[in-house]
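Asks: Sharing the feature lines straight out of Swiss-Prot:
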- CYS2: active site, nucleophile (ACT_SITE)
- LYS609: active site, for Fru-6P isomerization activity (ACT_SITE)
- 2-223: domain 'Glutamine amidotransferase type-2' (DOMAIN)
- 286-428: domain 'SIS 1' (DOMAIN)
- 463-604: domain 'SIS 2' (DOMAIN)
Amino acid sequence: MCGIVGYTGERDAAPIIVDSLVRLEYRGYDSAGVATIHEGRLYLEKDAGKLTEGGEPTKLQRSLRKLPGKIGIGHTRWATHGDPNRRNAHPHTDCRDEIAVVHNGIIENFMQLREELEDKGHRFDSETDTEVVPHLIEQGMKEGKSFFEAFVEAVRRLEGSYAIAAICTREPDVILAARKESPLVVGLGDDGNFLASDIPAILPETNRVIPIDDGEIVVVKRDEVRILDAETLEDVTEEKEVQIVEEDPHTLERRGYPHFMLKEIHEQPEAVRNTLRIERENLMEMAEELVGGDYTKLYIVACGTSYHAGLGAKYATELLAKFPVDVVIASEFRYVTKELVDENTLVLAISQSGETADTLAAVREANARGATTIALTNVVGSTITREVDHVMYTHAGFEKAVAATKTYTAQLAAMYTLAVELARHFGEITNKEAEEYHAELNKVPEMLEEVLSWEREREIAVMGGRYKERPNWFFIGRGPGYPTAMEGALKLKEITYQHAEAYPAGELKHGPLALIEEGVPVVAVAQPGGVYEKMLANIEEVKARGATVITVADEKDEAVEEHSDHVIRVPSISEVFSPIVYTVPLQLLAYYMSVARGIDPDYPRNLAKSVTVE
């Protein structure tokens, strides 16, 4: 959830590090800092606050840029231990201000280490777990070890998760780093080398990256990078593959849109088109291989928006392939569901970033029990891709806004394709039917372009402004419409800070109906199909109790008009695939309401794009 950046090379380090940290803002943070070395002295600046406000540099950013030196490390912090203030911001230093450290993750045994170090005379200034690391290194160097030897010894004593980077004035030409269960990549540049938590941070500087694996230590110099096994210190550099990132760095820019979220909403037709075009052959081969196995069940594990995509995939897979699917919140999977996993189990893990801590933990549990694991992610080379048996990619391009949009619809596109191919190979549908389903999916980008036409978007924008002060929202749906309702409610609460809940419409009488009164907004997802008539009855039910009803419905639906205050029309699509189209108006509704409420939808409070701690 925090961000790490390091640079050593021929240019001034601080501006490069700060620009990279700005590109990591989507991860969420409450403070930032940079440390550099110049002429044998450590320079450090840090504080609580943001690096940008309204797209403009803050006072904190301007002060960080002024630090001298050709080597440095930087950090954006999301508070886990200690309040968000200057004292707790990273980098942290030792007693002599010779060593600076930045860290992502949680050090579980930090209190024990802190007490031990305090007994040896070390003084601590913060409440953080991270501060034990520079003091451990300092203690090792006091005992005669080199910076490298002391760093290795310190890392070996840490329990928990971490990505760590350190610099030292006694060896001012090297950055040392280590990783355990927290993402870290090395970037290879022409005039220096880089470290970062995420590839987007350094993409404008270099597209040549090496993902670091758990249990590895990295030695970064301006003209050399070495990667070592943390236990044996064996040099494994030659075994590492340099990946060339094809992503256009301009995708990290707003390109005329007021916010990244709106830009990414409008990029959905292309994201879906690319995913269907590039990934189809891989998915067809995967389906054929999976059907040939002796599998009895499929678990989909995910968090947040990816969980809702998993629910959409469940409906499609069960309806088309007649194969049982359970969708489990990743953080819950390890506690109960894992006991049901064996070698006859498929586990599909969905993670936009490929670094979600709870999802990775679920994958590791599944692997340990002999399951066949599959990942669906947007990031090539991410941790999850290296820990599973099969990989599916969404080809959505980098997504910067915290609230996921284009990766959600791209996830659905990939999993719908897989569901069709599973159904074909299981013999549940004919080849002709499979091709008809694929043809319909290929029309989805055009459908999304219709939904995103200015006329329709303007109607939703007006609606968002009109209802911006309604404090409680309900979203209802049936069948495939229920995960759409869940995603709509999540988007609204994420970026408008209004209370929103989603329910299966059939559950209204079992409690939620007590909360429906005059003026309460109810968003109804009313796709045509087997549940439509019952959904219409549910809409009448809430309308009779005074609710303001906003219905997302097929463009040909005439019956819904008289029961709704507003109808958002979408192109006709099969019920089984409806979430991929019906969700987009709800993204727009949340976006425009957020803007009307004066909230930055790209960076909602308390949330991070990539949740890398449990």
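The backbone N, Cα and C atoms fix where each Cβ goes, and this holds for glycine too.
Computed from a predicted structure; not experimentally measured.
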Asks: Please list, in sequence order, the residues in the chain of the residue listed as 'active site, nucleophile' that are at least six apart in sequence and whose C-beta is under 8 Å away from its C-beta.
Replies: ARG27, TYR29, HIS75, THR76, ARG77, TRP78, HIS90, HIS103, ASN104, SER197
Asks: Neighbour count, 10 Å Cβ-Cβ cut-off, for LYS609 (active site, for Fru-6P isomerization activity): what number do you get?
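Replies: Its Cβ shell of radius 10 Å holds 21 other Cβ atoms.
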Asks: If you average per-residue pLDDT over the domain 'SIS 2' (463-604), what number do you get?
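Replies: So the average pLDDT across the domain 'SIS 2' (463-604) works out to 97.
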Asks: Across the domain 'SIS 1' (286-428), what are the DSSP residue counts per state (helix, strand, coil)?
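Replies: Summed over the domain 'SIS 1' (286-428), the classes give 69 helix, 28 strand, 46 coil.
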Asks: Under the DSSP assignment, what numbers of helix, strand and coil residues are found in the domain 'SIS 2' (463-604)?
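Replies: Its residues fall into 66 helix, 30 strand, 46 coil.
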